[in-house]
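According to TrEMBL:
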DOMAIN    57-399  domain 'Amidohydrolase-related'
BINDING   HIS66, HIS68, HIS208, ASP296  Zn(2+) binding site
BINDING   GLU95, ARG147, ARG154, HIS181, GLU211, ASP296  substrate binding site
Amino acid sequence: MDLLIKSATIITLNSENEILKGDILIENGKISRISEGIELPKEKIPSTKVIDAENLIALPGFINAHTHCGQTILRSYADDLPLYEWLFEKIFPAEGRLTKEIVYYSSLLGIAEMLKCGTTMFFDMYFHEDMTAKAVLETGIKAVLSRGLQTDERQQQRLDETKELIYNYSSDKIKVFFGPHSVYTCSYELLEKVVELSEEFNTGIMIHLSESEDEVNQCYEKYDMSPVKLCQKAGLFTRPCVAAHCVYVDDEDIEILAENGVTAVYNPTSNLKLGNGFAPVFNLIKSGVNVAIGTDSAASNNNLNILEEIHIAALLEKGMYKLPEILKAQEVLKMATVNAAASAGIHNTGRLQEGYSADIVLIKADDLNMLPCYNPISNIVYSSNPSNVFATIVDGKILYMDGKLLTIDEESLVKEIKSIEKVLKESI
Ligand SMILES: CSC[C@H]1O[C@@H](n2cnc3c(O)ncnc32)[C@H](O)[C@@H]1O
Ligand SMILES: [Zn+2]
């Protein structure tokens, strides 16, 4: 069914602060027209659903540029720990117990939460990633997926799984990237191999990069250079590269990221919760680095609420520099939309523009916490929460509307998650 969104307040993100009042016509999953007073021809009326958006704000769907959807099942399993203790002593051993079936339901749980927050696409790194792909296709959300890679006796198997993902799932909905986990879990040779393969398969790379002080110190000890320089040396930045965290990057690192068109993904909550500190977001942007925004996983955040991430991102920088104008609301909104799409070379989403995919979030503008509205962009960044999300639309299909998930059976998902929780409580 086609869609006509009538009389919306439209944040296009096409140009600085462009806000229109008008209609959006969606045909065959694409935005075919944005204009005032669109009238449907008679023959189109039966096949077009009309949404009265007089009290709604329409903007590009949010893109969560770094998460681990299959890890949602470990929410609140290991909290208040530093990164390496959290990862090596708690998370990796627990992940050994996660079956394909668990990762499937965990992915559904993560996707359900993201849809309720207005997310239309996410970047993911995990294992049993074919199960995340299955959940993506069933629910209708979009994703850039990667099988996490590490150096050990199963390194080749993980590379083979990445190739299988590419063969089996690459489509309009799913892009597959190579996902070397980090410089501390991957050998230099593996990093080089990933570059070679990403060239061969004409795809990109996502990696955790310079997340903690320990990572950087160990990298200097082992390689006598920073993680950013090591990745550059291995050739990672000759490919489209999405680097999560980038907390401990010095001026030379930032220049390298900017010159090579690397996207840095800001994960403020995860960085705070794991005690890793604050990424130099202002310096990154000022130096020309493309910055996107991500929640990281529900095991380190502990939610997948991109609206909260946007809010925290906008506030942190102001407080750190004691400069409220340093990171404006519109800039943060771009990180969660346009910039993220650009990071994967996807040029038909992240904006509301004719010809683009209809990946749209509709936000209620007349909820109490959204009133009054002198500036819709400010209200979204500083005032909104997931209860204000009215609809999440991907490729013109409504996946969430008025409190209901339309492609996920929420009741049976809750039952499945509770029974998995029971099993995991006894085994991890
Ligand atoms: C091998 S699949 C991906 C792997 O990444 C782990 N992970 C999740 N969050 C983080 C983080 O912030 N830093 C490093 N690694 C992280 C996840 O548990 C999976 O094992
Ligand atoms: Zn991560």
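Quick reminder: no glycine exception, Cβ is built from N, Cα and C everywhere.
A straight line from the CA of ARG154 (substrate binding site) to the CA of HIS208 (Zn(2+) binding site) spans 20 Å. Within 10 Å of HIS66 (Zn(2+) binding site), as judged by C-alpha distances, no binding-site residues are found among GLU95, ARG147, HIS181, GLU211. Of all the binding-site residues given, namely HIS66, ARG147, ARG154, the one with the smallest number of surrounding CB atoms inside 10 A is ARG154. A gap of 6 Å separates the Cα atoms of HIS208 (Zn(2+) binding site) and HIS181 (substrate binding site). The DSSP secondary structure for HIS68 (Zn(2+) binding site) is coil. Rounded to a whole value, the Cα-Cα separation of GLU95 (substrate binding site) and ASP296 (Zn(2+) binding site) is 16 Å. Of the residues the record lists as binding substrate, namely GLU95, ARG147, ARG154, HIS181, GLU211, ASP296, the two whose Cα atoms sit farthest apart are 24 Å from each other. Taking the centroid of the Cβ atoms of HIS66, HIS68, HIS208, ASP296 as the Zn(2+) site, the other same-chain residues with Cβ within 8 Å of it are THR67, MET125, ALA244, HIS245, VAL265, ASN267, SER270, GLY294, SER297, SER300. Taking every protein chain shown into account, HIS68, HIS181, HIS208 are the binding-site residues, and of these the Cβ with the most other Cβ atoms within 10 Å belongs to HIS68. On its own chain, GLU211 (substrate binding site) has LEU83, SER182, ALA244, HIS245, VAL247, TYR248, ASN271, ASN276 as residues at least 6 apart in sequence with a Cβ closer than 8 Å to its own Cβ. Around GLU95 (substrate binding site), taking its Cβ as the centre, 22 other Cβ atoms fall within 10 Å, counting all chains. Taking a C-beta cut-off of under 8 angstroms and a sequence separation of 6 or more, ASP296 (Zn(2+) binding site) has the following same-chain neighbours: HIS66, THR67, HIS68, ALA244, ASN267, THR269, SER270. Listed binding-site residues: ARG147, HIS181, HIS208, ASP296. Those with a CB atom under 6 Å from ligand 1: HIS181, HIS208, ASP296. Only ASP296, of the binding-site residues GLU95, ARG147, ASP296, place a Cβ under 6 Å from an atom of ligand 2.
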